[in-house]
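**Student:** Structure incoming, see below.
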Amino acid sequence: MGRGSFHQNRLLKAPSNLSRDTSRAGASTASLGNPLGGAVVVEDQPDVSAVLSAYNQQGDPTLYEEYYSGLKHFIECSLDCHRAELSQLFYPLFVHMYLELVYNQHESEAKSFFERFHGDQECYYQDDLRVLSSLTKKEHMKGNETMLDFRTSKFVLRISRDSYQLLKRHLQEKQNNQIWNIVQEHLYIDIFDGMPRSKQQIDAMVGSLAGEAKREANKAKVFFGLLKEPEFDVPLDDEDEEGENEEGKPKKKKPKKDNVGSKSKKQDPNAPPQNRIPLPELKDSDKLDKVMNMKEAARRVRLGPECLPSICFYTFLNAYQGLTAVDITDDSSMIVGGFADSTVRVWSVTPKKLRSVKTAADLSLIDKESDDVLERIMDEKTASELKILYGHSGPVYGTSFSPDRNYLLSCSEDGTVRLWSLQTFTCLVGYKGHNYPVWDTQFSPYGYYFVSGGHDRVARLWATDHYQPLRIFAGHLADVTCTRFHPNSNYIATGSADRTIRLWDVLNGNCVRIFTGHKGPIHSLAFSPNGRFLATGATDGRVLLWDIGHGLMVGELKGHTDTVYALRFSRDGEILASGSMDNTVRLWDAVKAFEDLETDDFTTATGHINLPENSQDLLLGTYMTKSTPVIHLHFTRRNLLLAAGAYSSQ
């Protein structure tokens, strides 16, 4: 399948965000026909000189090392329980003091300060420190976005009241105004009452570009339940009736499906109101597909630790032009690859070939009333296993099939998202707005809406019939590298190179959750089928599990040794599959990972979490490919696991 070397091109997805014009692209207002209403507003970037001028209040440059080492000595000599918490100050203070020296043109003092203390910082800040070490002159600071972000967003630290009082007393006694000024001006200290956190608890949550999330950021109510499904009568197949008693097969399975909540008949108490956002009407073809889906679900394999899924791996051979994205339709009938040579290639995975609709002249000759009209409109002469779609002018980084399989989205380095028809295999629309590479795009589970995220640090929500975005989700401090719709379509999760995950409300564009804990850019997101949990994977090789309702990290799965590019829950949510650049697919016991989470255990007041070190207990299997990084995973309707990637000869 396909052609080109995947390795280097996929790595383009971890971009550096250092040298770029600081104005934010695509600050547009919504068009009048916006189905979600409201205008789209993007805050302007703060004026660069105003931001930097805050560094004017300079102390004696020769004393900076003394101030810092004095504080370091104080923290290292404090009691163990306070030391872990106060050590969080080292990194933001180090950065701000260094930048203050550079801004005030004390270059040699800045260099000496950097060399003396940069080795003391936590290992997960290495990439940021590398960027920092290249800023040695005041002029360098002007165009550097990472620097500007650090200046404009207060670094958030979560510290217990006791530890904070200890720090405040020390700084006031020493009259160490320089450090106290930075703490007041540039840090946001989220003080909580209660026991200080342990080093392990802190390490689990820190590591992002702007520290941890403020506790208020995760307090908003989130409707994480599923929408009520329309009711259908599922006709029984002959084969079902033969081999079963009067009960019939689907009926037997239904209670099982309800308890995992994949297609609930009664309204979920945590679900959003059915009409909270306008969703498209179901067409007859959609109803047919749902009936098919239910029939397939009745024959679904019930997975668990004793019954692991079979895995079918699609390897793209000779992909010398770099496979950079993959998607598979919900019914597993088609697979699409996005390539670094700007092409999008669609394959049929079933014996049924891909066909285009006949020309207008031929269509006029067809009897519209005939029963097989849908078959007659297809042109047999165009039947083939593969269709190649040309149009992008840069590597294609994201692809997504619409739920009804009539459309395909692709996004590219050329700054556009394209919508393709799978009836005619032509491009219908090019959505412009990002102006910079677009790293990911995905259709809503209900169709019509889709989301895109890119190098301009924002995610945009679109509707297929609007040229302008309906919502612009701004807030990340670096590229938005991956995007995912919640199963109820009311929320969108975005992962970023700023090492945070954000959850956005589609209705009003607000950010309702910020999750920190990854130590590298986020590259994969997956919601559990019941909508309660989110799994995220990043370049740090860890898979983190989050409880959306409470806004807390509830698990950490360690095992991968390289970037996790693919995550997928099985259809009923019993198994989580992860795929990585380390050429493995791993299966995790999702039921066990989430089962002990009783609401009472959540000390949401302090955000304390004790993550069990149980990765080995939860790991159900590791499956090596020969030499193929895994970039996509998909569970079929019967719970067969499909995986995909391009063979890499290195």
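Backbone N, Cα and C define each Cβ position, glycine as well.
Those TrEMBL annotations? Automatic predictions, nothing curated.
Copying in the features that TrEMBL gives for the protein in this structure:
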DOMAIN    59-187  domain 'TFIID subunit TAF5 NTD2'
COMPBIAS  234-245  compositional bias 'Acidic residues'
COMPBIAS  257-268  compositional bias 'Basic and acidic residues'
REPEAT    316-357  repeat 'WD'
REPEAT    389-424  repeat 'WD'
REPEAT    431-462  repeat 'WD'
REPEAT    473-514  repeat 'WD'
REPEAT    515-548  repeat 'WD'
REPEAT    557-589  repeat 'WD'
**Student:** Would you report the average pLDDT that the model assigns to the repeat 'WD' (557-589)?
**Tutor:** 94
**Student:** Among the recorded stretches 389-424, 431-462, 557-589, which has the greatest number of Cβ pairs closer than 8 Å to the repeat 'WD' (316-357)?
**Tutor:** 389-424
**Student:** Which of 389-424, 431-462, 557-589 has the most Cβ pairs closer than 8 Å to the repeat 'WD' (515-548)?
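**Tutor:** Looking only at 389-424, 431-462, 557-589, the most contacts with the repeat 'WD' (515-548) come from 557-589.
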